[in-house]
Amino acid sequence: MTTESNAYRGLAWVAAMALFMQSLDATILNTALPAISSDLHKPAFEMQMAIIAYSLAVALFIPLTAWAAAKFGTLTVFRSAVFTFILGSVACAAASNLESLILARVIQGIGGAFMMPVARLAIIQAVPKQQLVNAWNLMATAGLIGPILGPILGGWLVIHASWHWIFLINIPIGALGILASGSVMNNIKGKAEKLDWTGFLLFALGLVGITLGLDLLGESQHNSSVTYSILVVGILLLVTYCGYAKNNENAILPLSLFRTRTFRLGIIANIFIRLSASGVPFLLPLMFQLSFGYSAEMSGWLLAPIALISVMLKILIGRILNRWGYKTTLISSALLMAGSVISMAWLDKQSSLTWIICNLMWYGACMSIIFTSINTLAVGDLSKQQSGTGSTVLSIVQQVGIGFGIAVSSIILNLYRHFFSASDCLPQAFSYTFLTSSLFVIALVWSLMKLHKHDGDHLRKMP
């Protein structure tokens with residue numbers, strides 16, 4: 001029994017290493033962007049695709065994970081995914097221009113897309129139900145630590161080593177995961193269903209077109225007719241996918257899920273949350289370093305409280321939902337989140353560090369509550385047969401939303417930068433960007449108002 005328990009714990013540790021590496025990577029890059037842009041001879045305001053490319057690659061390849069694991073086996077796919085992630089990390093460190101960095105981030109994202117879903121699948125297949133909670137908790141802890149350490153470690157490495165090390169640190173962690181997985185993870189295969197390649201290509205190319213179009217829209221040096229053409233083609237491809245998948249239950253992302261009202265509203269709300277607030281972790285390091293004159297290390301320490309308060313608040317969210325219900329909690333959190341983003345518009349280099357930290361903790365608390373609430377509500381009414389696909393769609397929307405949120409924030413910031421053309425007007429450009437981004441909360445609250453008072457009651461412990 002002890003040997004079996006150790007084997008399950010070992011599998012959880014391997015999954016935890018992968019999740020730690022991935023969650024660390026999600027936040028470590030932001031504080032290093034100004035340093036990277038300087039080395040690559042690109043304006044820091046044009047570096048957003050280095051972040052967006054990763055999120056987009058993850059979103060595109062998540063739908064293939066179950067098929068790949070069934071066809072090739074969990075161990076084979078997991079090791080290949082970690083190796084791909086390491087390969088992408090090395091390529092990032094070796095990048096000599098923005099284009100090569102973006103390509104390397106895509107490689108990283110492909111590895112990241114397969115890494116965690118397959119690790120979770122391996123745990124579900126191998127760990128007995130009575131030990132499943134312990135395995136999840138161990139893995140989740142690593143996922144919570146990564147975002148806290150990411151900004152701090154990223155800033156420290158930029159100052160005391162070089163930005164290349166924010167990618168190179170993945171090599172020992174990933175190598176350990178590859179070696180350890182051989183002794184604790186079985187190569188379990190299954191029946192690989194026929195993959196919907198038509199749907200995958202329509203969906204993938206549509207997302208790439210929209211994301212690339214939005215990115216080019218924020219860069220004035222590109223031909224506007226080409227930019228709008230790419231954007232329109234991307235939208236048309238996604239519309240075509242919707243028509244294709246409407247009556248096709250075997251589509252890679254079946255639209256029948258959207259017949260469930262709470263799932264539909266949860267997806268819509270997720271998009272508006274990302275548009276209103278996901279650009280904040282991208283904008284803040286730029287503002288701290290380029291406008292306030294803070295070092296990368298100071299910037300990293302200031303960003304850490306966002307993740308820290310988010311983790312600390314997790315234990316209270318259940319009580320909040322039990323007391324107030326989903327609709328009231330979500331609308332209140334959305335309005336408070338808007339307030340936190342608006343208040344960032346009044347931050348300047350004279351602002352006290354105490355006020356800045358309080359402001360960012362306010363933002364982190366709201367984001368923690370709203371994401372946990374909307375994500376549990378979105379999948380809460382799905383049937384057991386739909387829950388796996390529903391979780392996949394939710395993960396895709398979250399990654400796409402991050403990319404869209406950063407792209408839109410970048411567009412808004414660049415518009416204000418060109419409007420306030422004087423070099424000393426950069427603080428105003430950031431202020432107006434935060435104010436404009438907060439307007440998406442109007443659409444968010446509109447979508448949340450469509451929830452019913454008792455939605456999610458079956459997920460609560462009623463007082």
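Backbone N, Cα and C define each Cβ position, glycine as well.
Sequence annotations record features per position, and here Swiss-Prot assigns transmembrane segment to 10-30, 49-69, 82-102, 107-127, 139-159, 197-217, 225-245, 267-287, 298-318, 328-348, 354-374, 429-449 (among others).
Looking at which of 139-159, 197-217, 267-287, 354-374, 429-449 has the most CB pairs under 8 Å to the transmembrane segment (10-30), the answer is the stretch 139-159. Taking every listed stretch (49-69, 197-217, 267-287, 298-318, 354-374) in turn, the largest tally of C-beta pairs under 8 A with the transmembrane segment (139-159) is reached by 298-318. Using a cut-off of 8 Å between Cβ atoms, the transmembrane segment (49-69) and the transmembrane segment (354-374) share fewer than three residue pairs, counting only pairs 6 or more apart in sequence.
Between the transmembrane segment (354-374) and the stretches 197-217, 267-287, 328-348, the greatest number of Cβ pairs separated by less than 8 Å involves 328-348. Same-chain residues lying 6 or more positions outside the transmembrane segment (225-245) and placing a CB less than 8 Å from one of its CB atoms are 198-199, 202-203, 205-214, 216-217, 251-255.
Two recorded stretches are said to be in contact when at least 3 C-beta pairs lie under 8 angstroms, sequence spacing 6 or more; the transmembrane segment (328-348) and the transmembrane segment (267-287) meet this definition. Contact between the transmembrane segment (267-287) and the transmembrane segment (197-217) is absent: fewer than three CB pairs lie under 8 Å, with pairs separated by 6 or more positions in sequence.
Only residues 6 or more beyond the boundaries of the transmembrane segment (197-217), in the same chain, are considered here, and those with a CB under 8 A from a CB of the stretch are 48-49, 52, 56, 59-60, 63-64, 226-228, 230-238, 240-241, 244-245, 248, 251-253, 400, 403-404, 407-408, 410-411.
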